[in-house]
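Inspection log for the structure reproduced underneath, given as structure tokens.
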Amino acid sequence: MAKYLLKRVFYLLLTLFIVITVTFFLMKLLPGTPLQNQQKLSPAQQHLILKQYGLTKPIWQQYLIYVGGVFQGNFGTSFQFSDQPVSYLISSRIGPSLLLGLQAMILGVVPGILVGALGAIKKNTWVDTTTTIISILGISIPSFVLAVLLQYFLGLKLHLFPIADWGGFAYTVLPTLALAASPFADTARFTRTEMVDVLNSDYIELARAKGLSKWGVIYHHALRNSLIPVVTIIGPLAVNIMTGSMVIENIFSIPGIGEQFVKSILTNDYPTIMAVTIVYSVMLMVVLLITDIVYGIIDPRIRISGRSN
Amino acid sequence: MADEVKLPADSFEPLDKSKHLDSEKIAAPNLTFMQDAWRRLKMNKSAIIAMIILVVFFVLAFGSAFFSPHNPNAVNPQFANLPPKWPGININGVNGTLMQAGTRVNAYQAAGAGAGVHYLLGTDYLGRDMLSRILFGTRISLTVAVVATAVDLLIGVTFGLFSGWKGGWIDNFMQRVIEIIMSIPTLVVVVLLILILKPGMMSITLAIAFSSWTTMARLIRAQTLELKEQEYVLAAKTLGESSLKIAFKHLLPNLSSIIIIQTMFTIPSAIFFEAFLSFVGIGISAPQASLGTLLNDGQKNFQFLPYQMWYPAIVLSVIMIAFNIFADGLRDAFDPQTKG
């Protein structure tokens, strides 16, 4: 286990390093400087500003400085908001994004498991059909369409929740619903498939033959075994939520990093784009690592001890 | 004494040989792989309905290149923001009226449009016909998705086949590459690529293709690893076939069901990405339209002119639903053993 963990952390750092390197050089390929109204400035003034951002040094030096900075949590200075360190922009905005992400994850996964299990237990009945239709809708309808619909009906027409902005819990309801729809549908589908498979297995037959009650079999044997693989889709779900958050935060004017990312793309704020890219990758890699470890712990059949390879 | 069985003499006459020629015959026609899949697909009603819907959308969207009710880019400021109006039907919502400050106003009269002016789905803020724009937008969305999927297919299948076939350290290395790519959120990759390639139809297509081939590559590799241990591959190798020929003649046909299924799941996700990027403002740029840009435009006026958002939203959702149902159906048809 320790060996496996060490290997995984090594790959994580390697991946992180590659991500930093690739984004750095990609951003260097792009035109665009921190200068506003470039034509109006004299060459001396331009040089001064570029020097302030450290852009006069040779590229390899800039790269080393950047990599060194990233590992100390320093992502440079934003082009868009002059004198604003990017690390501050991100740390001040990551709170709402994490909160929304966690809420959406819980709201997606828990009901998703229940609905999926219900569909499998009542296979080929109207319950199954209904849950299948709901999950197809959840997978198909883009989160931003759903977000606008929620805004229109629950916010504008029924005045149940605020339509935008960021304040207390009430402000999180609509964006969380919009974000949770697709993880909910994915989880429900996945759980249903797993559960159908488990319900057909021999040990369920045995449990039934022993005379266990129907729900006893379902809870103790079927549900628990079908939940194990569900852990593996947490990673993809996290990606899903991250992707969704960029547009959902925009629609609901939430001060999160997704909204910041889109804003920096539209204003060519390269240091911020790079930083958010790195932050997103780190979050995803950590989620993937944690789910892999959890998977190994909860499923005794798959002991990730390094001998598997 | 046992009873003697009296057999008539003609019992010992040989039967006519030609009568029994049919005994070994298989009555049902010999189905090819595709015919078999089609037979199973036909039994799945929802998949067939989804297929028909998709065909209709494709025909309408691509047909609108030749027969469009209006020019999708013709600006007509006089008729800006007109609600839908269907000739001869007087139901609120499709009779050219809309609510303004609490009262229902005939927008067509207010704009000075004659009795013969009808916009079936209304017009946008520049007076462009919504129906034509939606058809035009659907065409671009579908084109981007299909081309992106084709490129994705090419990269994914080649990468997966090569990795699985070669095995050893090459395979190991290529898998690490995939793992690294997969641990960066797809959208971030797409955004970075679009920034470098400059926003536009071409770059958005390539960006989607370059960031979504990994799933295909992994599936193909896993299957190739299994297939290359098969006897027929060994036979082909023994007979001195080149690797390339084995890949094309033996591996690809056996991988076709995976490729078809995965492709059908890739197209809707490509449609989603395109709509997403255009909605955010880094996708297709004006004057071109896609479902994403139409949604973005519609969202600005959603409170007062909801129809401008409704119709693109409905079209996008229906296409996505149809693709997903059809893909599910295809998976069941091509691979009846998988659980689903």
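Quick reminder: no glycine exception, Cβ is built from N, Cα and C everywhere.
Heads up, TrEMBL stuff is auto-annotated, nobody curated it.
For the transmembrane segment (A:9-27), the list of distant contacts is 63, 66-67, 70, 270, 273-274, 277-278, 281-282, 285-286, 289: same-chain residues at least six beyond its ends, Cβ to Cβ under 8 Å. Annotated transmembrane segment per TrEMBL: A:9-27 (among others), in sequence order.
Per TrEMBL, domain 'ABC transmembrane type-1' is recorded for A:94-291.
Among the features that TrEMBL reports, transmembrane segment is placed at A:98-121 (among others).
The transmembrane segment annotation in TrEMBL covers A:133-154 (among others).
Under the heading transmembrane segment, TrEMBL lists A:166-185 (among others).
Cβ atoms under 8 Å from those of the transmembrane segment (A:227-252) belong to residues 96-97, 100-101, 104-105, 108-109, 113, 143-144, 147-148, 151, 163-166, 171, 174-175, 178-179, 182-183, 186-187, 190-191, 194, 258-259, 261-262, 280, 283-284, 287-288, 291, 294-295, 298-299 of the same chain, restricted to positions at least 6 beyond its ends. Taken from TrEMBL, the feature transmembrane segment covers A:227-252 (among others).
Taken from TrEMBL, the feature transmembrane segment covers A:272-298 (among others).
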Stretch among A:98-121, A:133-154, A:272-298 sharing the most Cβ pairs under 8 Å with the transmembrane segment (A:166-185): A:98-121
Same-chain residue ranges lying at least 6 outside the transmembrane segment (A:98-121) that approach it to Cβ under 8 Å: 127-128, 131-132, 134-135, 172, 175-177, 179-196, 199, 218, 222-223, 226-227, 230, 234, 237-238, 241-242, 244-245, 248-249, 254, 256
